[in-house]
Amino acid sequence: MIALGIEGTAWSLSIGVVDEEGVIALENDPYIPKEGGIHPREASQHHSERLPSLLSRVFEKVDKNSIDVVAFSQGPGMGPCLRVVATAARLLAIKLEKPLVGVNHCLAHVEVGRWQTGARKPVSLYVSGGNSQVIARRGNRYRVFGETLDIGIGNALDKLARHMGLKHPGGPKIEELAKKGQKYHFLPYVVKGMDFSFSGMVTAAQRLFDSGVRMEDVAFSFQETAFAMLTEVTERALAYLDLNEVLLVGGVAANKRLQEMLRIMCEDRGAKFYVPPKELAGDNGAMIAYTGLLMYKHGHQTPVEKSYVRPDFRIEDVEVNWD
């Protein structure tokens, strides 16, 4: 069985085709703003203009008649972007006369991570621009055991990068600068129970930069503080749930320093650490295709008349009836 998935919750526009064995095709055409952060209206216009050619590139590699299921990211995400993707998926499903499956974006990150790494019952640390959560499955639902109280870590990194004059996406640029950092400067460490906050830390880091602290040292201090917070709450969830696997997913999962801190923590606890390949860790169409395929095989289908977008779609809202 073969599924096509369309991802476009924010700046990434991606179409993937998968079967049970692996990724057959994956094409990307992200929206990169000329300056500043992501503008939802401009991002949605980009998606609308580029989707037809992106589909054509996919169908140059895959026979459209071989598609069994059409999946799309139903939420959470930016409303204008989600609507473009949902409209395209509906039209494609109707044209091909194939079933449609709306997929929770966060769930797709976790499931493609499990698929690619072999993790069975992990505590998942989901780190992206729009959100940051500590997730684990309990019964027939994934539950959020801790999350950001304000902005996602990816958004925090981008805000700091923009303030220092760096272009989007800022995360990779902060990572490179941090490698050259030589001095740690204090920043607010905000963990409240299992939740955490980044907005105050961003403001404090921006003030450090404005006061003349080296850009490299600001980046280093920010990463060390933020990633220590994320590692702490992940370790706490691991202990509370008595699990022995950690899965790192989302766009910020590509950060080598975050991987290193989590790996060290897991080694200290005798737990296994997993992270999917970079091309499947961030937002991508293959994760939507795979999760849509998984859902369809277990009885999930989205009627066209109920395929409305859900900008605030929570992972807990999805019933999980597969292993």
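Glycine residues also receive a Cβ, built from the backbone N, Cα and C atoms like all the rest.
Listed by Swiss-Prot as binding Fe cation are HIS105, HIS109, TYR126; the candidate from ASP242, ASP268, ASP283, ASP312 that the record includes in that site is ASP283. The record from Swiss-Prot ties TYR126, VAL127, SER128, GLY129, GLY130, ASP158, GLY171, GLU175 to substrate, and of the options ASN65, ASN104, ASN244, ASN255 it ties ASN255 to that site too.
Following the DSSP three-state reduction, the secondary structure of GLY171 (substrate binding site) is helix. Rounded to the nearest whole angstrom, the C-alpha distance between SER128 (substrate binding site) and ASP283 (Fe cation binding site) is 9. Taking a C-beta cut-off of under 8 angstroms and a sequence separation of 6 or more, TYR126 (Fe cation binding site) has the following same-chain neighbours: CYS106, HIS109, VAL110, SER132, GLN133, VAL134, ILE135, VAL249, GLY250.
A simple way to gauge crowding: the CB of ASP283 (Fe cation binding site) has 27 other CB atoms within 10 angstroms, across all the protein chains here. Neighbour counts of Cβ atoms within 10 Å were taken for the binding-site residues GLY130, GLY171; the minimum is at GLY130. Taking the C-alpha positions, the distance from ASP283 (Fe cation binding site) to GLY130 (substrate binding site) comes to 11 Å. Spanning the residues TYR126, VAL127, SER128, GLY129, GLY130, ASP158, GLY171, GLU175, ASN255 that the record associates with binding substrate, the maximal Cα-Cα distance equals 18 Å.
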